[in-house]
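Written below as structure tokens is the structure these notes are about.
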Amino acid sequence: MAAAGSCSSAGKSLLQFMKLVGQLKRVPRTGWIYRQVEKPESVSDHMYRMAVMAMLTEDRKLNKDRCIRLALVHDMAECIVGDIAPADNIAKEEKHRKEKAAMEHLTQLLPDNLKTEVYDLWEEYEHQFTAEAKFVKELDQCEMILQALEYEELEKRPGRLQDFYNSTAGKFKHPEIVQLVSAIYEERNSAIAENARTSQT
């Protein structure tokens, strides 16, 4: 890195990249806004926990480091295009086009080797052509329903965010994720049943 006091063009570009990525801390997850969740999480909140989940995998057939990198990159384009949700009714092809352009702009700010690495990670996740990308996609959906559970608990309104569970039903295949999803469902179903009992008394 350049010494303090000097300012190279590479340093300026890296600063611009970091500031753009920093926007993810201020981009709320759109699905929660549409459901009137108070203080919805940011995109970076979501990606951070996904990266932790990836770090905790014990599946030796997966490249753990790659899974963590995929988790950290997969929604990076949203610092420019925002979080495009299914309810926005934007075609999948158009969403991909917007996010591709955003990633091309973002990665142009990086040195050539890093530019290729970051962009290729995003493409790998988008096209789902590796076991790691498929695993991280399941983490993405699992983290979402875990967050839905937490919002229901915080609001003391168990069962309110059912549509997030409906949208992910049957999509979990990896044994570790299936185990975590089962624990989420068990805790949620218990809360729903308890709420039904207390509301009848």
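Here the Cβ of each residue, glycine as well, is placed from N, Cα and C on the backbone.
Checking the candidates Asp120, Asp140 against Swiss-Prot: the one annotated together with His46, His74, Asp75 at the divalent metal cation 1 site is Asp140. Classification of Asp83 (divalent metal cation 2 binding site) by DSSP places it in coil, neither helical nor stranded. Within the same chain, residues at least six positions away from Ile84 (divalent metal cation 2 binding site) with a Cβ under 8 Å of its Cβ are Thr30, Glu78, Ile90, Lys95, Lys98, Glu99. Neighbour list (His74 (divalent metal cation 1 binding site), Cβ cut-off 8 Å, at least 6 residues apart, same chain): Met47, Met50, Leu121, Trp122, Tyr125, Val136, Asp140.
DSSP assigns His46 (divalent metal cation 1 binding site) to a helical segment in the three-state reduction. Asp140 (divalent metal cation 1 binding site) falls within a helix when secondary structure is assigned with DSSP. In the three-state DSSP assignment, the secondary structure recorded for Glu78 (divalent metal cation 2 binding site) is helix.
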